[in-house]
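Structure incoming, see below.
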Amino acid sequence: MGVQFNDSIPKKNISITDLKNKTVAIDSMNIIYQFLSSIRLRDGAPLRNSKGEITSPYNGIFYKTIYLLNNEITPIWVFDGKPPELKLKTREERRKVKEKASKDYEIAKREENIEDMQKYAKRINYLEPNTVDNCKKLLKLMGIPYIDAPSEGEAQCAHMIKNGDAYCVVSQDYDALLYGAPRTVRNITASNKPLELMEIEDILKPLDISIDDLIDMAILIGTDYNIGGIKGIGPKKALTIIKNKKMNEYIKDIENYEEIKNIFKNPKVVDYTKEDIKLKSPNIEGLKEFLIEENDFSPNRILPSIKKLDKLLNEKRSQTSLDSWF
């Protein structure tokens, strides 16, 4: 969900070539939900294997990773750990939205209204118990690094950017900026939208605010830890409050204000080694078994893609070895 800054945050359109020779830290859960929304059948239903298990995330991860490698971009996928207690309310709100969408979908299905079926199906997104583990299994088989964050994935991504191990966070949300990420790129999963780059300095300097001010703006508007924020306050009004130094007048109306701010300013992150984020050789037979035998992907599509993945990773590792000599 994330904070809804919308058009109040300056962005600039970039090309995929602008990320060439760079490493990106991917907010995995955010992007996986994007795959669940976008990779669907004509009636809005997600892709499933013969056992009835949803496979849209595996499709998205496999082909998007190859797309990034083909554009000379190194991905590191970062998965959420245990969420802060304050986020439980957000999950309950999402559950209610999905329940209503499920009922609306069934009505549209009975009426054979394909357009409404597609609309409501995209709101039902949910992860099956083994989906995340299988996504990690797929990445390991592909030879692609991933990190398990202790808590929020965006915070871990931001930590990796600040460490110099990645150039930007890849996410549809703005939250990574609140954790101090210097750069976030949006729309990497969208085929019909330009990539959007948000740089923290290009946000703070023109607005003449600090990162603390940006966090306060987010809390006024509403975050995953205080859904809805303060009634009647959107991005423009929040900025006015901050610029006029009026934040203290609103703190008393914000439950758990200090705890929320501390989540953003002092997030839980995990240390990692260079080996943890290194590209490795793909397990070709393992990929065939997982994608084709276990999840019913078409061999005609998968086999050439596995071959391409192997070629791209070999080229990448060869280049890395060559660079280490100079």
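Heads up, the Cβ atoms here are built off N, Cα and C, so glycines get one too.
Quick paste of what Swiss-Prot says about this protein:
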type    : residues             : note
BINDING : D27, D80, E152, E154 : Mg(2+) 1 binding site
BINDING : D173, D175, D224     : Mg(2+) 2 binding site
REGION  : 1-98                 : region 'N-domain'
REGION  : 116-245              : region 'I-domain'
REGION  : 318-326              : region 'Interaction with PCNA'
What three-state secondary structure does DSSP assign to D27 (Mg(2+) 1 binding site)?
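Assignment for D27 (Mg(2+) 1 binding site) reads strand.
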Need one number: mean pLDDT over the region 'Interaction with PCNA' (318-326).
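Mean pLDDT for the region 'Interaction with PCNA' (318-326): 55.
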Other residues near the Mg(2+) 1 site, CB within 8 A of the CB centroid of D27, D80, E152, E154?
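Filtered neighbour residues, in order: S28, M29, N30, V78, A149, S151, G153, A155, Q156, C157, S171, D175, A176.
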Could you state the CA-to-CA distance between D173 (Mg(2+) 2 binding site) and E154 (Mg(2+) 1 binding site) to the nearest Å?
9
Long-range neighbours only, meaning 6 or more apart in sequence with Cβ under 8 Å: which ones does E152 (Mg(2+) 1 binding site) have?
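When sequence neighbours closer than 6 are ignored, E152 (Mg(2+) 1 binding site) has D80, G81, P83, P84, D175, Y179, I263, P267, K268 within Cβ distance under 8 Å.
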What count of other C-beta atoms do you get within 10 angstroms of the C-beta of D175 (Mg(2+) 2 binding site), across all chains shown?
26
Give me the CA-CA distance between E154 (Mg(2+) 1 binding site) and D224 (Mg(2+) 2 binding site), in Å, as a whole number.
12
Take the C-alpha atoms of D224 (Mg(2+) 2 binding site) and D27 (Mg(2+) 1 binding site) and report the distance between them in angstrom, rounded.
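Pair distance, Cα basis, whole Å: 15 Å.
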Have a look at the binding-site residues (E154, D173) and report the one with the fewest Cβ neighbours inside 10 Å.
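Checked E154, D173; of these binding-site residues, fewest Cβ neighbours within 10 Å: D173.
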Name the residues of the same chain, 6+ apart in sequence, whose Cβ is under 8 Å from the Cβ of D27 (Mg(2+) 1 binding site)?
V78, G153, E154, C157, V169, V170, S171, D173, A176
For D224 (Mg(2+) 2 binding site), which DSSP three-state class applies?
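It is coil.
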Would you find the one among the binding-site residues D80, D224 whose Cβ has the most company, meaning other Cβ atoms within 10 Å?
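Buried the deepest by this measure is D224.
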Which numbers of helix, strand and coil residues does DSSP report for the region 'I-domain' (116-245)?
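Grouping H, G, I as helix and E, B as strand yields 60 helix, 17 strand, 53 coil.
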